[in-house]
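TrEMBL annotations:
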SIGNAL    1-24  signal peptide
DOMAIN    21-215  domain 'GH16'
ACT_SITE  Glu101  active site, nucleophile
CARBOHYD  Asn109  N-linked glycosylation site
Amino acid sequence: MATSWFSVLLLVSIVFSCFLAASAGDFYQEFDLTWGDKRAEILNGGRLLTLSLDKASGSGFRSKREYLFGRIDMQIKLVSGNSAGTVTAFYLSSEGPNHDEIDFEFLGNLSGDPYIVHTNVYSQGKGDREQQFYLWFDPTKNFHTYSIIWSPQRITFMVDNIPIRVFNNEESIGVPFPRNQPMKVYSSLWDADEWATRGGLVKTDWSKAPFKAYYRNFNAYSWNSVGTDVWRTRALDATGRRWLRWAQKYHMVYNYCADLKRFPHGRPRECRRSRFL
């Protein structure tokens, strides 16, 4: 793209200067290890967290705090090698049958194939709003930053500060939007070989276990900690829209809004109205 990385970094630095970090960094203070016995570990004085999956069990963790709007960042290094059949999930969720949820799911692959990042938005217990993208880098070699920016107006999914998806609030046309239920941050590593890789055709190779994912540099920025509402309503600027178009043109592999076979009686309402979803 013609847009320089300097422009992107400048934009990001301006955004960060307008937030007050509500929490940062220390996994002991911010998270509970919720399942998987000793397969989930906090290391390096609280600066690193690892999840592990073997044939007996996966593992997961959950934030101690709840959030109602804000920006959530996590640096993750995904399962390396032949990770087919595994899913590393990083998401926000409330509780109950009518829960809200905002998902990143990273679908494992055969060695050498690109990772797919699966995104979804649930409101009042209903999801089915999937978009999938090939990552444009190897997410197993280094840590990369995955972000959810959630305001009353929209949800933005970002990878290394590049927007890949925007889900707008379309309640005015009858589309539910998650804006009333506080959510916690969750992550898990689990076996989903019935669907995760090539629709379940490629199964988990347990001879490669244990599978491991690594986490660091968690940050949560709360809208409520800022003395202005400007970032609650601000949409992507021209630079952000160009990056969004780039991600959707060159890296999107599935968009529910374009799946006409799935919706033979007409696309969901938000698909007919929003340019970027």
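Glycine is no exception: its Cβ is also placed from the backbone N, Cα and C atoms.
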Length of the line joining the Cα atoms of Glu101 (active site, nucleophile) and the residue listed as 'N-linked glycosylation site', in Å: 25
Overall pLDDT of the domain 'GH16' (21-215), taken as the mean: 94
